[in-house]
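K.L.:
Handing you a structure now.
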Amino acid sequence: MGVRSDTIKKGFERAPHRSLLRATGLTDADFDKPFIGIANSHVDIIPGHFFLQEYGRIAKDEIRKAGGVPFEFNTIGVDDGIAMGHAGMLYSLPSRELIADSIETMMNAHSLDALLCIPNCDKIVPGMLMGALRVDVPTVFCSGGPMKAGRMADGTAIDLTTAFEAVGKRALGQMSDAELYEIECKACPSGGSCSGMFTANSMNVLCEAMGVALPGNGTALALTPEREALLRRAARRAVEIAGDERFRLRRIVNADAIHNAMVVDMAMGGSSNTVLHMLAIAREAGVEFGLRQIEAVAAKVGHIAKIAPSLSTVHIEDVHRAGGVPAVLHEVARRGGVVREDALTVTGETVGERIRGAEIKDRSVIHPLEEAYSAVGGLAVLFGNLAPEGAVVKTAGIQPSMRKFTGRAICFDSQEEAIAGIMGGKVKPGHFVVIRYEGPRGGPGMQEMLAPTSLIMGMGLGEQVALATDGRFSGATRGACVGHVSPEAAEGGPLALVQDGDAVTIDVEARALTVDVPDAELARRREGFRPKRKEIRSSWLKRYALLVSNASAGAVMKTEL
(Lines of atoms letter the chains of each structure in order from A and count residues from 1; the text may use other names and numbers.)
(Lines give C-alpha, C1' and ligand atoms only; values in the text may rest on other atoms or scores of the structure.)
Protein backbone atom coordinates (compact mmCIF):
# COMPACT_ATOMS: atom_id res chain seq x y z
CA MET A 1 0.00 0.00 0.00
CA GLY A 2 1.28 3.45 -0.86
CA VAL A 3 2.10 6.27 1.50
CA ARG A 4 1.29 9.96 1.36
CA SER A 5 4.71 10.97 0.09
CA ASP A 6 4.20 8.86 -3.05
CA THR A 7 2.38 11.96 -4.29
CA ILE A 8 5.75 13.66 -4.78
CA LYS A 9 8.06 10.73 -5.53
CA LYS A 10 6.32 7.97 -7.54
CA GLY A 11 5.56 7.69 -11.24
CA PHE A 12 7.19 9.04 -14.39
CA GLU A 13 5.33 12.33 -14.04
CA ARG A 14 7.20 12.99 -10.78
CA ALA A 15 10.63 12.93 -12.41
CA PRO A 16 11.02 16.72 -11.90
CA HIS A 17 10.10 16.33 -8.23
CA ARG A 18 12.64 13.54 -7.76
CA SER A 19 15.23 15.66 -9.52
CA LEU A 20 14.77 18.39 -6.94
CA LEU A 21 14.88 15.86 -4.11
CA ARG A 22 18.10 14.36 -5.47
CA ALA A 23 19.64 17.83 -5.20
CA THR A 24 19.17 17.57 -1.42
CA GLY A 25 21.13 14.31 -1.31
CA LEU A 26 18.44 11.66 -1.83
CA THR A 27 19.23 8.45 -3.73
CA ASP A 28 17.12 5.84 -5.52
CA ALA A 29 16.72 3.82 -2.32
CA ASP A 30 15.29 6.80 -0.44
CA PHE A 31 12.24 6.97 -2.69
CA ASP A 32 10.98 3.71 -1.19
CA LYS A 33 11.24 4.98 2.39
CA PRO A 34 8.76 7.03 4.44
CA PHE A 35 9.38 10.77 4.46
CA ILE A 36 9.37 12.09 8.04
CA GLY A 37 8.94 15.77 8.85
CA ILE A 38 10.79 17.16 11.85
CA ALA A 39 9.23 20.37 13.12
CA ASN A 40 11.99 21.87 15.21
CA SER A 41 11.75 25.12 17.14
CA HIS A 42 15.41 25.96 17.61
CA VAL A 43 15.65 29.64 18.60
CA ASP A 44 18.83 31.05 20.09
CA ILE A 45 17.13 33.56 22.42
CA ILE A 46 14.92 31.07 24.30
CA PRO A 47 16.56 29.08 27.15
CA GLY A 48 14.37 26.11 26.35
CA HIS A 49 15.25 26.15 22.64
CA PHE A 50 18.83 27.26 22.05
CA PHE A 51 20.06 23.64 22.15
CA LEU A 52 17.34 22.15 19.94
CA GLN A 53 19.47 22.39 16.81
CA GLU A 54 21.54 19.54 18.24
CA TYR A 55 18.34 17.66 19.13
CA GLY A 56 17.27 17.99 15.50
CA ARG A 57 20.56 16.48 14.36
CA ILE A 58 20.13 13.56 16.77
CA ALA A 59 16.55 13.00 15.57
CA LYS A 60 17.59 12.98 11.91
CA ASP A 61 20.32 10.43 12.58
CA GLU A 62 17.88 8.19 14.43
CA ILE A 63 15.23 8.45 11.70
CA ARG A 64 17.78 7.42 9.07
CA LYS A 65 18.86 4.44 11.19
CA ALA A 66 15.20 3.40 11.54
CA GLY A 67 14.66 3.42 7.77
CA GLY A 68 13.09 6.81 7.20
CA VAL A 69 14.12 9.96 5.35
CA PRO A 70 14.09 13.02 7.63
CA PHE A 71 13.22 16.53 6.49
CA GLU A 72 13.75 19.13 9.20
CA PHE A 73 12.13 22.54 9.16
CA ASN A 74 11.82 25.23 11.78
CA THR A 75 9.15 27.33 13.43
CA ILE A 76 9.41 30.68 15.13
CA GLY A 77 9.22 30.95 18.90
CA VAL A 78 8.55 33.76 21.37
CA ASP A 79 10.06 33.70 24.85
CA ASP A 80 7.24 34.92 27.07
CA GLY A 81 9.58 35.80 29.93
CA ILE A 82 11.70 38.05 27.72
CA ALA A 83 8.63 39.51 25.99
CA MET A 84 6.97 40.16 29.37
CA GLY A 85 5.97 43.63 30.51
CA HIS A 86 6.46 45.50 27.23
CA ALA A 87 5.03 45.62 23.69
CA GLY A 88 6.72 42.35 22.78
CA MET A 89 4.04 40.44 24.68
CA LEU A 90 1.48 41.52 22.08
CA TYR A 91 3.07 38.96 19.76
CA SER A 92 3.18 35.95 22.08
CA LEU A 93 -0.30 34.45 21.70
CA PRO A 94 -0.58 35.39 18.00
CA SER A 95 2.64 33.42 17.43
CA ARG A 96 0.67 30.27 18.25
CA GLU A 97 -1.39 30.77 15.10
CA LEU A 98 1.68 31.41 12.94
CA ILE A 99 3.27 28.21 14.23
CA ALA A 100 0.12 26.18 13.54
CA ASP A 101 -0.13 27.63 10.03
CA SER A 102 3.53 26.89 9.31
CA ILE A 103 3.22 23.24 10.38
CA GLU A 104 0.15 22.79 8.16
CA THR A 105 1.88 24.53 5.27
CA MET A 106 5.14 22.58 5.39
CA MET A 107 3.57 19.16 5.91
CA ASN A 108 0.85 19.50 3.29
CA ALA A 109 2.93 21.31 0.68
CA HIS A 110 5.44 18.45 0.72
CA SER A 111 3.13 15.48 1.42
CA LEU A 112 5.20 14.09 4.30
CA ASP A 113 4.15 10.78 5.87
CA ALA A 114 4.69 11.38 9.59
CA LEU A 115 5.80 14.15 11.90
CA LEU A 116 8.17 14.48 14.84
CA CYS A 117 7.62 17.71 16.76
CA ILE A 118 10.41 19.14 18.94
CA PRO A 119 8.88 22.05 20.87
CA ASN A 120 9.43 23.15 24.46
CA CYS A 121 8.10 26.49 25.59
CA ASP A 122 4.85 28.39 25.92
CA LYS A 123 2.94 28.86 22.64
CA ILE A 124 5.19 26.60 20.60
CA VAL A 125 3.75 23.38 22.06
CA PRO A 126 0.06 24.13 21.40
CA GLY A 127 0.86 25.81 18.10
CA MET A 128 2.60 22.68 16.84
CA LEU A 129 -0.18 20.44 18.09
CA MET A 130 -2.87 22.57 16.45
CA GLY A 131 -1.05 22.52 13.12
CA ALA A 132 -0.35 18.80 13.34
CA LEU A 133 -4.03 18.08 13.99
CA ARG A 134 -4.93 19.83 10.74
CA VAL A 135 -2.48 17.61 8.86
CA ASP A 136 -3.62 14.46 10.70
CA VAL A 137 -0.68 12.17 9.99
CA PRO A 138 1.00 9.96 12.61
CA THR A 139 2.79 12.37 14.93
CA VAL A 140 5.09 12.08 17.94
CA PHE A 141 6.02 14.92 20.29
CA CYS A 142 9.29 15.14 22.19
CA SER A 143 9.94 18.44 23.92
CA GLY A 144 13.36 19.79 24.83
CA GLY A 145 12.69 19.24 28.53
CA PRO A 146 12.60 21.38 31.69
CA MET A 147 15.51 23.25 33.24
CA LYS A 148 16.78 22.61 36.73
CA ALA A 149 15.63 24.81 39.59
CA GLY A 150 18.06 27.50 40.65
CA ARG A 151 19.75 27.35 44.03
CA MET A 152 20.76 30.12 46.39
CA ALA A 153 23.93 29.82 48.45
CA ASP A 154 21.95 28.30 51.33
CA GLY A 155 20.41 25.68 49.02
CA THR A 156 16.99 27.33 48.73
CA ALA A 157 15.32 26.47 45.41
CA ILE A 158 14.41 29.46 43.23
CA ASP A 159 13.02 30.00 39.74
CA LEU A 160 11.87 32.72 37.36
CA THR A 161 8.97 33.67 39.66
CA THR A 162 11.52 34.48 42.35
CA ALA A 163 13.20 36.92 40.00
CA PHE A 164 9.97 38.66 38.99
CA GLU A 165 8.76 38.98 42.59
CA ALA A 166 12.18 40.24 43.67
CA VAL A 167 11.61 43.28 41.44
CA GLY A 168 8.64 44.23 43.64
CA LYS A 169 10.74 43.87 46.77
CA ARG A 170 13.49 45.99 45.25
CA ALA A 171 10.95 48.67 44.32
CA LEU A 172 9.91 48.86 47.99
CA GLY A 173 13.50 49.01 49.17
CA GLN A 174 13.17 45.60 50.83
CA MET A 175 15.98 44.11 48.74
CA SER A 176 19.37 45.46 47.74
CA ASP A 177 20.74 45.57 44.21
CA ALA A 178 23.28 42.93 45.20
CA GLU A 179 20.56 40.56 46.45
CA LEU A 180 18.51 41.10 43.29
CA TYR A 181 21.60 40.44 41.17
CA GLU A 182 22.26 37.14 42.94
CA ILE A 183 18.71 35.99 42.18
CA GLU A 184 19.02 37.20 38.58
CA CYS A 185 22.16 35.11 38.12
CA LYS A 186 20.84 31.95 39.78
CA ALA A 187 17.11 31.71 38.92
CA CYS A 188 17.61 30.05 35.52
CA PRO A 189 20.73 27.88 35.83
CA SER A 190 20.49 25.72 32.71
CA GLY A 191 18.87 25.22 29.34
CA GLY A 192 15.29 24.02 29.35
CA SER A 193 11.76 25.22 29.94
CA CYS A 194 11.42 27.19 33.19
CA SER A 195 11.49 24.83 36.14
CA GLY A 196 8.03 25.22 37.69
CA MET A 197 4.54 24.19 36.60
CA PHE A 198 4.50 27.14 34.25
CA THR A 199 2.86 27.11 30.81
CA ALA A 200 5.65 25.28 28.97
CA ASN A 201 5.97 22.43 31.43
CA SER A 202 2.19 22.28 31.84
CA MET A 203 1.71 21.78 28.10
CA ASN A 204 4.51 19.21 27.87
CA VAL A 205 2.93 17.30 30.75
CA LEU A 206 -0.43 17.45 28.96
CA CYS A 207 1.11 16.10 25.74
CA GLU A 208 2.26 13.09 27.73
CA ALA A 209 -1.19 12.69 29.30
CA MET A 210 -2.85 12.86 25.87
CA GLY A 211 -0.59 10.10 24.59
CA VAL A 212 1.10 12.09 21.81
CA ALA A 213 4.43 11.90 23.64
CA LEU A 214 6.35 9.11 25.32
CA PRO A 215 6.41 8.65 29.11
CA GLY A 216 8.81 11.14 30.69
CA ASN A 217 8.21 13.86 28.11
CA GLY A 218 6.76 16.28 30.65
CA THR A 219 9.31 15.87 33.42
CA ALA A 220 12.71 14.45 32.32
CA LEU A 221 15.29 17.26 32.51
CA ALA A 222 16.71 18.89 29.40
CA LEU A 223 20.30 18.25 28.36
CA THR A 224 20.55 14.91 30.13
CA PRO A 225 21.23 11.41 28.79
CA GLU A 226 17.68 10.47 29.79
CA ARG A 227 16.19 13.22 27.62
CA GLU A 228 18.41 12.31 24.67
CA ALA A 229 17.36 8.66 24.95
CA LEU A 230 13.71 9.79 25.00
CA LEU A 231 14.29 11.80 21.82
CA ARG A 232 15.88 8.84 20.07
CA ARG A 233 12.94 6.60 20.96
CA ALA A 234 10.47 9.24 19.76
CA ALA A 235 12.30 9.58 16.43
CA ARG A 236 12.27 5.83 15.88
CA ARG A 237 8.61 5.67 16.75
CA ALA A 238 7.76 8.32 14.15
CA VAL A 239 9.23 6.01 11.48
CA GLU A 240 7.48 2.93 12.86
CA ILE A 241 4.02 4.50 12.68
CA ALA A 242 4.46 6.41 9.40
CA GLY A 243 1.55 5.58 7.12
CA ASP A 244 -0.27 3.60 9.83
CA GLU A 245 -3.88 4.75 9.85
CA ARG A 246 -4.32 3.64 13.47
CA PHE A 247 -1.97 6.38 14.63
CA ARG A 248 -3.26 9.35 12.68
CA LEU A 249 -3.15 12.20 15.15
CA ARG A 250 -6.89 12.76 15.40
CA ARG A 251 -7.25 9.11 16.43
CA ILE A 252 -4.92 9.80 19.36
CA VAL A 253 -6.09 13.31 20.27
CA ASN A 254 -9.78 12.57 20.67
CA ALA A 255 -12.33 13.34 23.38
CA ASP A 256 -10.80 10.79 25.76
CA ALA A 257 -7.29 12.17 25.33
CA ILE A 258 -8.43 15.75 25.91
CA HIS A 259 -10.32 14.62 29.01
CA ASN A 260 -7.19 12.88 30.35
CA ALA A 261 -5.11 15.99 29.70
CA MET A 262 -7.46 18.08 31.82
CA VAL A 263 -7.46 15.42 34.54
CA VAL A 264 -3.69 15.75 34.89
CA ASP A 265 -3.96 19.53 34.61
CA MET A 266 -6.33 19.62 37.56
CA ALA A 267 -4.34 17.11 39.60
CA MET A 268 -1.13 19.12 39.17
CA GLY A 269 -2.52 22.66 39.19
CA GLY A 270 -1.24 23.59 35.75
CA SER A 271 -0.99 27.03 34.20
CA SER A 272 -4.29 28.78 33.47
CA ASN A 273 -3.01 29.13 29.90
CA THR A 274 -3.67 25.43 29.44
CA VAL A 275 -7.40 26.17 29.38
CA LEU A 276 -6.94 28.57 26.49
CA HIS A 277 -4.76 26.13 24.59
CA MET A 278 -6.84 23.01 25.22
CA LEU A 279 -9.95 24.79 23.94
CA ALA A 280 -8.04 25.62 20.74
CA ILE A 281 -6.60 22.09 20.45
CA ALA A 282 -10.05 20.55 20.90
CA ARG A 283 -11.38 22.73 18.10
CA GLU A 284 -8.65 21.53 15.73
CA ALA A 285 -9.34 17.94 16.78
CA GLY A 286 -13.05 18.33 16.04
CA VAL A 287 -13.97 17.63 19.67
CA GLU A 288 -16.84 19.44 21.41
CA PHE A 289 -15.15 20.81 24.52
CA GLY A 290 -15.77 24.01 26.42
CA LEU A 291 -15.45 25.72 29.78
CA ARG A 292 -18.39 23.80 31.27
CA GLN A 293 -16.68 20.48 30.47
CA ILE A 294 -13.47 21.74 32.05
CA GLU A 295 -15.32 22.68 35.21
CA ALA A 296 -16.94 19.22 35.26
CA VAL A 297 -13.48 17.62 35.20
CA ALA A 298 -12.30 19.93 37.97
CA ALA A 299 -15.16 18.79 40.19
CA LYS A 300 -14.04 15.15 39.99
CA VAL A 301 -10.25 15.39 40.28
CA GLY A 302 -8.35 15.98 43.49
CA HIS A 303 -5.42 18.39 43.48
CA ILE A 304 -2.59 16.08 44.54
CA ALA A 305 0.62 17.84 43.45
CA LYS A 306 1.58 21.44 44.21
CA ILE A 307 4.50 22.67 42.15
CA ALA A 308 6.12 26.09 41.86
CA PRO A 309 4.78 28.75 41.71
CA SER A 310 2.02 27.30 43.92
CA LEU A 311 4.63 25.69 46.21
CA SER A 312 8.03 27.30 45.84
CA THR A 313 10.00 24.33 47.20
CA VAL A 314 8.79 21.83 44.54
CA HIS A 315 9.80 21.88 40.87
CA ILE A 316 9.31 19.65 37.83
CA GLU A 317 12.51 17.73 38.52
CA ASP A 318 10.98 16.73 41.88
CA VAL A 319 7.83 15.48 40.13
CA HIS A 320 10.00 13.36 37.83
CA ARG A 321 11.82 11.87 40.81
CA ALA A 322 8.46 11.19 42.48
CA GLY A 323 7.14 9.13 39.56
CA GLY A 324 6.16 11.72 36.97
CA VAL A 325 2.94 11.89 34.99
CA PRO A 326 2.33 8.09 35.11
CA ALA A 327 2.30 8.22 38.92
CA VAL A 328 -0.12 11.15 38.91
CA LEU A 329 -2.47 9.40 36.48
CA HIS A 330 -2.22 6.10 38.36
CA GLU A 331 -3.14 7.81 41.62
CA VAL A 332 -6.15 9.76 40.33
CA ALA A 333 -7.31 6.62 38.46
CA ARG A 334 -7.96 5.04 41.85
CA ARG A 335 -11.18 7.06 41.78
CA GLY A 336 -12.95 4.90 39.21
CA GLY A 337 -13.95 6.47 35.92
CA VAL A 338 -11.86 9.61 36.29
CA VAL A 339 -9.11 8.52 33.88
CA ARG A 340 -10.16 7.15 30.50
CA GLU A 341 -7.76 4.24 30.48
CA ASP A 342 -8.73 2.83 27.08
CA ALA A 343 -7.36 5.87 25.25
CA LEU A 344 -4.67 4.90 22.73
CA THR A 345 -1.17 6.43 22.85
CA VAL A 346 1.48 6.77 20.14
CA THR A 347 3.43 3.87 21.63
CA GLY A 348 0.54 1.53 20.86
CA GLU A 349 -0.29 1.10 24.53
CA THR A 350 -3.48 2.34 26.09
CA VAL A 351 -3.22 4.86 28.91
CA GLY A 352 -4.21 2.12 31.32
CA GLU A 353 -1.37 -0.10 30.11
CA ARG A 354 1.07 2.80 30.26
CA ILE A 355 0.34 3.65 33.90
CA ARG A 356 0.03 0.09 35.15
CA GLY A 357 2.68 -0.43 37.80
CA ALA A 358 3.38 3.28 38.21
CA GLU A 359 3.69 4.40 41.79
CA ILE A 360 4.32 7.48 43.86
CA LYS A 361 7.95 7.48 44.96
CA ASP A 362 7.79 10.62 47.10
CA ARG A 363 4.51 11.40 48.82
CA SER A 364 5.68 14.84 49.84
CA VAL A 365 5.64 15.77 46.13
CA ILE A 366 2.70 13.74 44.79
CA HIS A 367 0.13 13.23 47.51
CA PRO A 368 -2.16 10.21 47.72
CA LEU A 369 -5.82 11.04 47.08
CA GLU A 370 -6.57 10.78 50.78
CA GLU A 371 -4.14 13.64 51.42
CA ALA A 372 -5.04 15.82 48.42
CA TYR A 373 -4.55 19.55 48.78
CA SER A 374 -8.19 19.86 47.78
CA ALA A 375 -10.91 17.49 46.64
CA VAL A 376 -11.30 19.45 43.41
CA GLY A 377 -8.83 20.50 40.72
CA GLY A 378 -6.18 23.20 40.81
CA LEU A 379 -7.93 25.31 38.14
CA ALA A 380 -11.46 26.69 38.26
CA VAL A 381 -13.86 28.29 35.80
CA LEU A 382 -15.84 31.22 37.18
CA PHE A 383 -19.03 32.77 35.88
CA GLY A 384 -21.11 35.73 37.02
CA ASN A 385 -22.27 39.17 35.96
CA LEU A 386 -18.64 40.18 35.39
CA ALA A 387 -17.87 37.06 33.33
CA PRO A 388 -21.06 35.84 31.60
CA GLU A 389 -19.02 33.63 29.23
CA GLY A 390 -16.52 32.57 31.85
CA ALA A 391 -13.17 33.36 33.44
CA VAL A 392 -10.32 31.19 34.70
CA VAL A 393 -8.38 31.16 37.97
CA LYS A 394 -5.51 28.97 39.14
CA THR A 395 -6.89 27.97 42.53
CA ALA A 396 -3.69 26.05 43.29
CA GLY A 397 -1.92 29.38 43.71
CA ILE A 398 -4.51 31.18 45.86
CA GLN A 399 -3.97 31.70 49.57
CA PRO A 400 -6.85 30.28 51.66
CA SER A 401 -7.80 33.74 52.92
CA MET A 402 -8.31 34.96 49.34
CA ARG A 403 -10.60 32.21 48.07
CA LYS A 404 -13.48 34.56 48.85
CA PHE A 405 -12.59 38.21 48.64
CA THR A 406 -14.42 41.47 48.00
CA GLY A 407 -12.43 44.56 47.12
CA ARG A 408 -12.96 48.03 45.76
CA ALA A 409 -12.21 48.24 42.06
CA ILE A 410 -9.26 50.24 40.82
CA CYS A 411 -9.36 50.19 37.02
CA PHE A 412 -6.58 50.33 34.45
CA ASP A 413 -7.12 50.27 30.69
CA SER A 414 -3.80 48.59 29.89
CA GLN A 415 -1.11 46.50 31.53
CA GLU A 416 1.32 49.40 31.24
CA GLU A 417 -1.06 51.66 33.19
CA ALA A 418 -1.43 48.96 35.83
CA ILE A 419 2.32 48.49 36.27
CA ALA A 420 2.80 52.24 36.63
CA GLY A 421 -0.06 52.41 39.12
CA ILE A 422 1.23 49.55 41.24
CA MET A 423 4.81 50.86 41.20
CA GLY A 424 3.48 54.34 42.01
CA GLY A 425 1.65 53.17 45.12
CA LYS A 426 -1.90 53.63 43.82
CA VAL A 427 -2.86 50.04 44.64
CA LYS A 428 -3.66 49.66 48.34
CA PRO A 429 -4.82 46.82 50.61
CA GLY A 430 -8.48 46.07 49.92
CA HIS A 431 -8.30 46.91 46.22
CA PHE A 432 -9.52 44.66 43.42
CA VAL A 433 -7.33 45.54 40.46
CA VAL A 434 -9.12 45.50 37.09
CA ILE A 435 -6.91 45.41 33.98
CA ARG A 436 -8.98 45.58 30.80
CA TYR A 437 -8.63 46.07 27.05
CA GLU A 438 -5.95 43.36 27.16
CA GLY A 439 -7.99 40.51 25.68
CA PRO A 440 -7.24 38.74 22.39
CA ARG A 441 -8.87 41.52 20.39
CA GLY A 442 -8.35 44.48 22.69
CA GLY A 443 -4.66 44.02 23.44
CA PRO A 444 -4.41 42.82 20.82
CA GLY A 445 -2.78 39.52 21.66
CA MET A 446 -3.97 38.93 25.24
CA GLN A 447 -0.82 39.89 27.11
CA GLU A 448 0.34 37.90 30.13
CA MET A 449 0.12 39.84 33.38
CA LEU A 450 3.11 38.39 35.22
CA ALA A 451 4.70 41.78 35.83
CA PRO A 452 1.72 43.31 37.71
CA THR A 453 0.90 40.12 39.61
CA SER A 454 4.54 39.66 40.63
CA LEU A 455 4.71 43.27 41.79
CA ILE A 456 1.61 42.73 43.93
CA MET A 457 3.14 39.62 45.50
CA GLY A 458 6.59 41.16 45.86
CA MET A 459 5.15 44.21 47.61
CA GLY A 460 3.46 42.00 50.19
CA LEU A 461 -0.09 42.63 48.95
CA GLY A 462 -0.86 39.06 47.90
CA GLU A 463 -3.32 38.46 50.73
CA GLN A 464 -4.92 41.90 50.51
CA VAL A 465 -5.39 42.55 46.79
CA ALA A 466 -7.08 40.55 43.99
CA LEU A 467 -6.91 41.09 40.24
CA ALA A 468 -9.21 40.43 37.28
CA THR A 469 -8.38 40.89 33.62
CA ASP A 470 -9.50 39.97 30.13
CA GLY A 471 -5.83 39.27 29.52
CA ARG A 472 -4.07 36.16 30.72
CA PHE A 473 -1.32 35.13 33.10
CA SER A 474 2.04 33.48 32.94
CA GLY A 475 2.13 30.03 34.45
CA ALA A 476 4.44 31.67 36.99
CA THR A 477 1.61 33.83 38.36
CA ARG A 478 0.23 33.10 41.81
CA GLY A 479 -2.37 34.78 43.99
CA ALA A 480 -6.05 35.70 43.60
CA CYS A 481 -5.71 36.48 39.91
CA VAL A 482 -8.64 35.89 37.55
CA GLY A 483 -7.94 35.93 33.83
CA HIS A 484 -9.62 35.25 30.49
CA VAL A 485 -12.68 37.28 31.56
CA SER A 486 -15.18 36.91 28.72
CA PRO A 487 -16.61 38.74 26.88
CA GLU A 488 -13.56 40.99 26.83
CA ALA A 489 -13.80 44.76 27.27
CA ALA A 490 -13.04 45.44 23.61
CA GLU A 491 -16.19 43.58 22.57
CA GLY A 492 -18.31 45.38 25.17
CA GLY A 493 -17.99 42.90 28.03
CA PRO A 494 -19.09 43.95 31.53
CA LEU A 495 -15.46 44.43 32.59
CA ALA A 496 -15.51 47.63 30.53
CA LEU A 497 -18.37 49.00 32.65
CA VAL A 498 -16.68 48.64 36.04
CA GLN A 499 -15.83 51.93 37.73
CA ASP A 500 -13.34 52.76 40.45
CA GLY A 501 -14.85 51.98 43.83
CA ASP A 502 -17.29 49.28 42.67
CA ALA A 503 -17.33 46.22 44.93
CA VAL A 504 -15.93 43.23 43.03
CA THR A 505 -16.04 39.71 44.49
CA ILE A 506 -14.23 36.49 43.71
CA ASP A 507 -15.80 33.41 45.33
CA VAL A 508 -13.87 30.28 44.39
CA GLU A 509 -16.23 27.84 46.09
CA ALA A 510 -19.26 29.39 44.36
CA ARG A 511 -17.29 29.60 41.09
CA ALA A 512 -18.33 33.24 40.80
CA LEU A 513 -16.85 36.57 39.70
CA THR A 514 -19.28 39.42 40.29
CA VAL A 515 -19.54 43.16 40.60
CA ASP A 516 -22.02 44.48 43.17
CA VAL A 517 -23.78 46.89 40.85
CA PRO A 518 -27.52 46.58 40.06
CA ASP A 519 -28.44 45.45 36.56
CA ALA A 520 -30.25 48.73 36.00
CA GLU A 521 -27.09 50.70 36.77
CA LEU A 522 -25.01 48.51 34.46
CA ALA A 523 -27.60 49.08 31.74
CA ARG A 524 -27.41 52.84 32.34
CA ARG A 525 -23.62 52.75 32.03
CA ARG A 526 -23.92 50.83 28.78
CA GLU A 527 -26.07 53.55 27.19
CA GLY A 528 -23.86 55.41 24.78
CA PHE A 529 -20.86 53.25 25.74
CA ARG A 530 -18.27 52.59 23.05
CA PRO A 531 -15.34 50.26 23.70
CA LYS A 532 -11.95 51.91 23.54
CA ARG A 533 -9.94 51.21 20.43
CA LYS A 534 -6.16 51.14 20.56
CA GLU A 535 -4.12 52.31 17.61
CA ILE A 536 -2.55 49.26 15.99
CA ARG A 537 0.29 49.92 13.58
CA SER A 538 1.32 46.33 12.88
CA SER A 539 -0.46 44.82 9.89
CA TRP A 540 -0.19 41.35 11.46
CA LEU A 541 -1.73 42.45 14.76
CA LYS A 542 -4.47 44.30 12.88
CA ARG A 543 -5.39 41.09 11.06
CA TYR A 544 -5.21 39.16 14.31
CA ALA A 545 -7.51 41.61 16.12
CA LEU A 546 -10.06 41.40 13.30
CA LEU A 547 -10.17 37.60 13.20
CA VAL A 548 -9.53 36.35 16.75
CA SER A 549 -12.28 34.97 19.00
CA ASN A 550 -12.44 35.66 22.72
CA ALA A 551 -10.83 33.54 25.41
CA SER A 552 -13.91 31.41 26.08
CA ALA A 553 -13.44 29.96 22.57
CA GLY A 554 -9.68 29.49 22.93
CA ALA A 555 -8.69 32.76 21.21
CA VAL A 556 -8.60 30.97 17.87
CA MET A 557 -8.70 32.68 14.50
CA LYS A 558 -12.16 32.76 12.99
CA THR A 559 -12.43 31.01 9.64
CA GLU A 560 -15.97 32.15 8.86
CA LEU A 561 -16.57 35.88 8.58
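Just so you know, glycine gets a Cβ as well, placed from its N, Cα and C.
Swiss-Prot lists these features:
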BINDING   Asp80, Asp122, Lys123, Glu448  Mg(2+) binding site
BINDING   Cys121, Cys194  [2Fe-2S] cluster binding site
MOD_RES   Lys123  N6-carboxylysine
ACT_SITE  Ser474  active site, proton acceptor
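Give me the local environment of each listed feature.
P.N.:
Neighbours of Lys123 (Mg(2+) binding site), defined as other CB atoms within 10 A of its CB across all chains, total 29.
In sequence order, Ile46, Gly48, His49, Gly77, Asp79, Asp80, Ser193, Cys194, Thr199, Ala200 make up the list of same-chain residues 6 or more apart from Cys121 ([2Fe-2S] cluster binding site) whose Cβ falls under 8 Å from its Cβ.
DSSP assigns Lys123 (Mg(2+) binding site) to coil in the three-state reduction, outside any helix or strand.
Look at Ser474 (active site, proton acceptor): DSSP puts it in coil. Long-range Cβ neighbours of Ser474 (active site, proton acceptor) (same chain, at least 6 residues apart, Cβ-Cβ under 8 Å): Asp80, Gly81, Met84, Phe198, Thr199, Ser271, Asn273, Glu448, Met449, Leu450.
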K.L.:
Same chain, not part of Asp80, Asp122, Lys123, Glu448: whose C-beta falls within 8 angstroms of the C-beta centre of the Mg(2+) site? Give them in sequence order.
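P.N.:
Those within range, site residues removed, are Val78, Asp79, Ala83, Met89, Ser92, Leu93, Cys121, Thr199, Asn273, Ser474.
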K.L.:
For Asp122 (Mg(2+) binding site), write down the residues of its own chain that are at least 6 apart in sequence and whose Cβ falls under 8 Å from its Cβ; none is a fine answer.
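P.N.:
Within the chain, Asp122 (Mg(2+) binding site) has Cβ neighbours under 8 Å at Gly77, Val78, Asp79, Asp80, Ser92, Thr199, Ala200, Met203, Asn273.
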K.L.:
Fewest neighbouring Cβ atoms within 10 Å: which of the binding-site residues Asp80, Glu448?
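P.N.:
Output over binding-site residues Asp80, Glu448: least Cβ neighbours within 10 Å is Asp80.
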K.L.:
Tell me, how many other CB atoms lie within 10 A of the CB of Cys194 ([2Fe-2S] cluster binding site), whichever protein chain they belong to?
P.N.:
30
K.L.:
Does DSSP put Asp80 (Mg(2+) binding site) in a helix, in a strand, or in coil?
P.N.:
helix
